[in-house]
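Features of the protein shown, as given by TrEMBL:
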- 23-367: domain 'Orn/DAP/Arg decarboxylase 2 C-terminal' (DOMAIN)
- 28-271: domain 'Orn/DAP/Arg decarboxylase 2 N-terminal' (DOMAIN)
- Lys53: N6-(pyridoxal phosphate)lysine (MOD_RES)
- Gly223, Tyr369: pyridoxal 5'-phosphate binding site (BINDING)
- Arg303, Tyr307, Glu335, Tyr369: substrate binding site (BINDING)
- Cys334: active site, proton donor (ACT_SITE)
Amino acid sequence: MSYYNIQNIPLTDLAKQFGTPLYVYDADKIIEKIAILRDSFKNVNLKIKYACKANTNLSILKLMRKHGVEIDVVSPEELRLAMMAGYEGSQITFTPSGVSFDEIELAAELGTRINLDNLDVLEKFGKQYGNTKGALIRLKPHVFGGGNEKIMTAHPESKFGISIHQKDEILEIVNKYDMKIIGLHQHTGSDVKNADAFTQAATAILDIASNFKDLEIIDLGGGFKVPYKEGDSVTDMAEVGEVLSNAFLEFCKNYGRELQLWFEPGKFLVSEAGTFLATANVVKTDPIKTFVGINSGLNHLGRPMMYGAYHDIFNASNQDTSEQQEYRVVGYICETDTFSWTPEGKQGERLMNKVSAGDIIAIKNAGAYCFSMASQYNSRLLPAEVLVIDGEAKLIRKRDTFDDIVRNLVSVDI
Ligand SMILES: *Cc1c(COP(=O)(O)O)cnc(C)c1O
């Protein structure tokens with residue numbers, strides 16, 4: 001059954017070959033998602049800019065590049081990783097939040113496209129580069145959209161972008177320095193399922209856009225919602241594609257020029273491609289619950305504890321459904337460390353095929369914001385990562401060793 005395999009390789013074989021805890025990614029799934037996105041926007045001049053903070057493994061970046069996907073970065077280090085993967089400056093967008101001007105200058109010198117996200121930086125950029133370098137402006141459209149408060153980025157109180165209500169201040173700075181604003185950007189948030197939120201945000205941006213004469217790009221960010229379990233509601237890509245394409249084409253017609261439409265999906269491209277594999281260390285039955293303790297924790301996969309995120313969890317070692325039971329799946333970190341959250345965002349249990357110590361426990365939707373948010377908390381080693389591509393499992397990141405934990409420590413005489 002495909003649930004238990006990636007491209008015909010059993011998850012249990014991957015666990016045996018590479019050890020656990022282990023992240024495995026299915027290249028075919030990523031390629032499939034790229035195609036869905038392209039198809040949804042087939043009527044416009046679309047550019048996909050992978051928001052790589054979702055998963056910065058170099059091989060994932062190379063896979064994106066091979067398939068014609070460009071890249072959005074949020075730090076100088078992501079920028080360097082993108083260049084290591086072979087991207088040219090002009091294919092990279094730098095979309096930082098509240099960084100020092102040094103970082104903006106560095107990105108500008110490397111020829112990247114930059115999203116300026118506050119008036120102060122806009123002014124500095126104008127003063128420094130005038131009309132010699134183009135830039136994009138990140139706007140805050142005052143739209144509510146996103147799975148939860150921590151991942152909404154366009155509502156009135158969000159720290160991101162320049163409020164559309166500050167249009168006059170923006171234009172004053174742009175005119176003062178004769179700046180070349182080549183694009184307008186907005187990013188609504190993450191896990192946005194409702195097509196309306198995208199439409200509202202797009203409308204807000206396009207309303208302002210006619211004030212800028214040098215536009216080449218409208219960048220509508222990322223945030224498309226993916227399924228986390230069977231029957232989950234997701235962003236209807238065909239609908240979003242049609243509605244946004246129409247609004248965009250209408251704008252282009254009035255503007256008098258065909259622009260590029262950019263999106264920066266992270267989760268949409270990689271979330272479902274990832275599966276996290278851990279080993280059941282203990283099955284602990286107490287009078288109220290049965291716990292499965294795995295050889296991992298919130299240090300490796302933080303979304304459940306950070307956002308109350310739901311991830312499907314199953315026993316990859318046992319396909320026999322005759323003895324199912326509710327298990328609370330927990331990690332080894334020394335604080336509450338639960339993986340099995342309910343769809344309502346509470347700690348809960350999962351109905352799973354009978355678990356015995358030593359079984360491989362699989363956690364789905366582990367391709368986005370999982371490894372990239374992992375830490376060495378509790379002085380634990382970071383897991384290895386594997387990419388299954390063309391039917392072959394390739395190690396794309398070695399497991400940490402103790403050396404990685406002590407590498408930067410400076411031992412002084414105390
Ligand atoms: C994180 C981020 C994205 C990607 O969000 P997803 O929900 O993963 O699609 C896109 N744009 C910007 C500016 C971001 O910070």
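Each Cβ is built from the backbone N, Cα and C atoms, and glycine gets one as well.
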Original post:
What is the total of other Cβ atoms whose distance to the Cβ of Gly223 (pyridoxal 5'-phosphate binding site) is within 10 Å?
Top reply: 30
Original post:
If you measure Gly223 (pyridoxal 5'-phosphate binding site) to Glu335 (substrate binding site) at Cα, how many Å is it?
Top reply: 30
Subject >> Contacting binding-site residues, sequence order - Gly223, Arg303, Tyr307, Glu335 vs ligand 1, Cβ under 6 Å >> reply: Gly223
Original post:
Given that the record lists Arg303, Tyr307, Glu335, Tyr369 as binding substrate, what is the largest C-alpha to C-alpha distance among them, in Å?
Top reply: 21
**OP:** Please name which of the recorded positions listed here, Arg303, Tyr307, Cys334, Tyr369, is nearest in space to the residue listed as 'N6-(pyridoxal phosphate)lysine', Cα against Cα.
**Re:** Tyr369
**OP:** Taking only the Cα atoms, work out how far Arg303 (substrate binding site) lies from the residue listed as 'active site, proton donor', in Å, as a whole number.
**Re:** 17
Subject >> Local backbone state of Arg303 (substrate binding site), from DSSP in three classes >> reply: helix
**OP:** For Tyr369 (pyridoxal 5'-phosphate binding site), identify the closest of the recorded positions Tyr307, Cys334, Glu335, judging by Cα separation.
**Re:** Tyr307
Subject >> Listed binding-site residues (Tyr307, Tyr369), ranked by Cβ neighbours within 10 Å, top entry >> reply: Tyr369
Original post:
Among Lys53, Arg303, all listed as recorded positions, which has the most CB atoms within 10 Å of its CB?
Top reply: Arg303
Subject >> Local confidence of the prediction over the domain 'Orn/DAP/Arg decarboxylase 2 N-terminal' (28-271), expressed as mean pLDDT >> reply: 93
Subject >> Residues near the residue listed as 'active site, proton donor' in space but at least six apart in sequence (CB under 8 A) >> reply: Asn378
Original post:
Are there any residues in the same chain, six or more apart in sequence, whose C-beta is under 8 angstroms from the C-beta of Glu335 (substrate binding site), and if so which?
Top reply: Leu298
